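Inspection log for the structure reproduced underneath, given as structure tokens.
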Amino acid sequence: MKLTMASSPHSHSHKSLSRLMLTVILACIPGLIAQLYFFGTGVLIQLILALVTVSVCEAIIMRIRKRAIWPALSDGSAWLTGVLLALSIPPLAPWWVIVIGCFFAIVIVKQLYGGLGFNLFNPAMAAYVLLLISFPVQMTSWLPVNELLGKSIDLSQQLALIFNGFTSSGFSLDQMRVGVDGVTMATPLDTIKTDVAHGLTVSESMQNPLFNQWTGLGWGWVNLGFLVGGLYLIKAKIINWHIPVGIIAMLSVCSAIGYIASPGTEPGVVFHLFSGATMMGAFFIATDPVSAATTNRGRLIYGAFIGLLVYLIRTFGGFPDAMAFAVLLLNMAVPLIDYYTQPRTYGHGVNK
Amino acid sequence: MEQLLNQIKKGKVWPFPGGIHPPGQKTLSSTQPITRLPLPDKLVVPLKQHIGANGQLIVEKGQRVLKGQALTQPIANWSVPVHAPTSGVIEDICHAPSAHPSALPELSVIIIPDGEDTWCELHVASDPSKLSHEQLIDIIHQSGIAGMGGAGFPTYIKADSRKAIEYLVVNAVECEPYITADDLLMQEHAQGIINGIEVMQQLLTPTLTIVGIEDNKPDAIAAMKKAAQHADNIIVQTVPTIYPSGGEKQLIKLLTNKEVPSGGIPADIGVLVQNVGTLFAINQAVYEGKPLIERVITVTGNTIHKPGNVWALLGTEIKHLLDCQGFSPVPQQRVVMGGPMMGFTLPTVRIGVVKTTNCILAPDHNELAEPGPEKACIRCSACADACPASLLPQQLQWFAKSQEYDKLKEHNLFDCIECGACAYVCPSEIPLVQYYRVAKAEIKEKQEEQIKAERAKVRFELRNARLEREQEARKNRHKRKPATEKSADEKQKIADALARVSNKPAKDDEKSAVAAAIARAKAKKQGDQLEPDNSEVAKERAARKEQARLYKEQKAAADTNEATHSDAPVDDKKSAVAAAIARAKAKKAAQADASTTTGDALVDDKKAAVAAAIARAKAKKAAQADASTTTEDAPVDDKKAAVAAAIARAKAKKAAQAEQLAASKNNNTEETTVENTPADDKKAAVAAAIARAKAKKAAQAEQLAASEKVNTEEATIENTPVDDKKAAIAAAIARAKAKKAAQAEQLAASEKVNTEEETVENTPVDDKKAAIAAAIARAKAKKAAKEQADEANPQTETSETSATFEQNIEAQAPVKEKPELTAQEKKKAAVAAAIARAKAKKLLKEGSDKS
């Protein structure tokens, strides 16, 4: 009888890479729904564009590298990158923005570094930063939430905006962004930053219809959606709690100190936590295993520094949000953090 | 400590980091009682079923053996015997595939059972609690018991722990999925296990015995608790079900909150772990006299019709186990020995079970899926979260792939217990453990290579050194002996220089004496290599000496001329005399050398050494005297010299007589020292004694005549009424001669060697020589006497001085460097004085030791 030889262990947990990636994508759904509700179906169009682009890019590169295409695609890592990037950019940004972003993320940031597992930087965030720096206007053209829009935009008009830059009636995106009162609407973070720079206090700025009592209209819900998804990821043991906790704790501490020191110019803890990309960054971006710290202690440090950088850049920097920059900066520090946070191995140190 | 004990007794457990929860699958096999298999047709009993050496085979092919009869006997350390599992005939003794991941062929005894299953005679101790420690260890050893949990460590070694054992931990955790052998054993034989525990307690006297059982075995826990009821120093601890809590290190952490230091063993922290199966085997051995010939094995898996536990004789082929339990293999069937986490697949089912086989698992593809293709590591660190040793498996994997061995060691690869938890959880299905195994093997191989390379290097260097030596020896024997002698010469020069330097600040520095002695010893060694030479060599040497003598003569003559500037009248004569003496001596020496080297080399050497030392000592004193007295004494010296010669002659005679006397009678203290030493030593001792005695005289005389302050310590001086006049004259002579002597030191030293006593008595020339010798001796002795009082522990040996002597024969440096002769000679004299002192001290010490 011919017996099959194999090395131990002969048992496996049946966890798999594709299941892991798929779970993360699914965990994005609450946030996605919130975005859909507040910012329209444009995000879905971006999502489809992104998925197609990353699949094509990944397949071409695999072909060039003479590797099997389907195994690489089916691990889901490329799709996750596409999803995260699509959720990060303005829903009505021109189509080529997301296409360039996805190409850059997959081809340059991921595959040119050796493919999955070898990339130094978070592909989605690297692409986001590239886009932000290259196309600042398009990348900051967020529509205000639907209820503040002067004109309602249906799907065909959104498609037209994304692919042509103008609606069928000839309005540009900028024109669409003009609110009911005729003032161009920016994101809540941007608004506060600009207002404070113009000598207004935060409470004065918060009078803007963009805000509800606590945070930006709609944005709070989007962040809440990602928080829910993130908590599910922790529960499903897809990610460890250390990075999100590090980020949220540090951001809370910093914004609390800031608020106490200067209540007039500081929007406070809740605003920071539920604005911009905080929750998405904390649970979905910074936790990208490939580019994040790998020891649990290291993850806390990694998260804390991201939180600190987010706060510092939001408050003192030139950009309204900072998750992408903070994550990329900390990606560079990962080898160092990992080296100095090795856990104590059994039998080393104590009990002598 | 107390606190820890209380916590343990209260049932506290300390979870270890990591761990996984694979599906248990234990109910497959745990529901039926243990059955006994029918006798197999054939048993394959490997000689080695444990960690350690094979036992020595004590049966032969064709022999009939009885059940329980030893097939091997332990020889070296860590060797454990194996026994015939049933009665039958040995069909063959050959290499057969073994229960090893590689199925490495092992020497095995093939037994065809006769079906009678007849036991050999069993020796059962009537009352095991009365057995001594050694008797119990012997029973455990002879019963062939080795750890049955998996490692197969010889139990007798563990039971004989040199380190104090505080906690005896009984491993009844059985954390691997599928396996229920220990579970069933505990359910059915709890009392036997407790008996085994008590034997171990008797051997190790631990404070507490903790039985750790996972909470998924309630029946076993109940059975063990019941059996252990009577003993309050045995507690049954329930531990949570988590893999790998049955790992030795993890279990220790779990039950005692202690960690085995990396690279250490549990005994280092006062803990010893035994598997329940092993303890039951100990019970069988001690209470029933049965050696280890069978064990409980779980035969399980979805391809087995009747999964369950069986008592299997060691050596039973896996095939028999599978067939008896019903087996319908699937395509690409895997048969695993051990559990699904740490077990290994077998290449064939025709392998005998061994002492460490606890499970045969024959799974189908649904229950244990074939591993999928390895995918990229995404650094998710699920492995690190699962690792019970808190390693970073993910990093280790990268380093293993890139063969960064230093990094692997830095990340504690060798603390990996290969439990497989990391590979179990890896979403990319990377065979992590396999990478570590390979890396470990590679590192070990590399280390072995390194050791080998180092050994080869040493061997190579030794060989080179030997070849060099041989070549040199050949050269010495046939061709260019002077070359080597010269090198010896140079060594001596260096040694002298060293001694001089160190002597300068403190003349009576012992260290310098020692250093000089060492230098001499070295020089001697060098000289010794020339020893085996025959007369031909001796002749050569004689010829060389003659040459040297001639050369020195010339030099000396030239020198005396130079020296005359200060001491003209004296030195002329002296030098003339000295030259004559030297010449005569040289001749004599050459003759003596030629005749005696072969036979009496050693003897002569020693004598010579003494003489040389004396000469050197004299030279030193002379140098001193020269500095202080030459100007005053110059006019007197002529007369004195004449008289002194006579006196010296007389004294020399006396000395010779005294020596004879001394040799025969052993009267005074110095002589008693000599009693037990070889003849040459005696002579040396005597010479020293004489010298010392004379020294007194000289010292007194000097005081009287020249009223110099040349250190006379009355305390050191013993007796001997001295003729004042004689003494005065002698002192003067000595002083006057000193300078010349200093110059001629090399000559005198060298030539006196082989001549000594005979010379003194026989010829007029020799008389003169003797005179000089006497003067030398006096000077030296005075010095020695002075030192005697306050010095200790000389290390010099008389024999060693011989080397110096040999070197001195050829030493030409001082002669060549005439211009600064006096200064140089002074230094040399200092060395010589040190030597003489050391020697004298030694003698004195020996004397006092013996008396």
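For all residues, glycine too, the Cβ spot is worked out from N, Cα and C.
Taken verbatim from TrEMBL:
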MOD_RES   A:T187  FMN phosphoryl threonine
TRANSMEM  A:20-38  transmembrane segment
TRANSMEM  A:44-61  transmembrane segment
TRANSMEM  A:68-89  transmembrane segment
TRANSMEM  A:95-113  transmembrane segment
TRANSMEM  A:125-145  transmembrane segment
TRANSMEM  A:216-234  transmembrane segment
TRANSMEM  A:241-262  transmembrane segment
TRANSMEM  A:268-287  transmembrane segment
TRANSMEM  A:299-316  transmembrane segment
TRANSMEM  A:322-340  transmembrane segment
Exercise for review: Grab the same-chain neighbours of the transmembrane segment (A:125-145) for me: Cβ-Cβ under 8 Å, and only residues 6 or more beyond its ends, written as numbers and ranges.
Suggested key: 38-40, 42, 81, 85, 88-94, 97, 100-102, 104-105, 108-109, 153, 173-174, 176-177, 179, 185-187, 190, 210, 217-218, 285, 319-320, 323-325, 327-328
Review point. At an 8 Å Cβ cut-off, counting only pairs 6 or more apart in sequence, do the transmembrane segment (A:20-38) and the transmembrane segment (A:268-287) clear the bar of 3 or more pairs?
Key: yes
Study note, to complete from the structure: Taking the transmembrane segment (A:95-113) as reference, the highest number of CB pairs under 8 angstroms among A:44-61, A:216-234, A:241-262, A:299-316, A:322-340 goes to A:44-61
Point to revise | Proximity verdict for the transmembrane segment (A:216-234) and the transmembrane segment (A:268-287), three or more C-beta pairs under 8 Å | key: yes
Exercise for review: Could you check what DSSP calls A:T187 (FMN phosphoryl threonine) once collapsed to helix, strand or coil?
Suggested key: coil
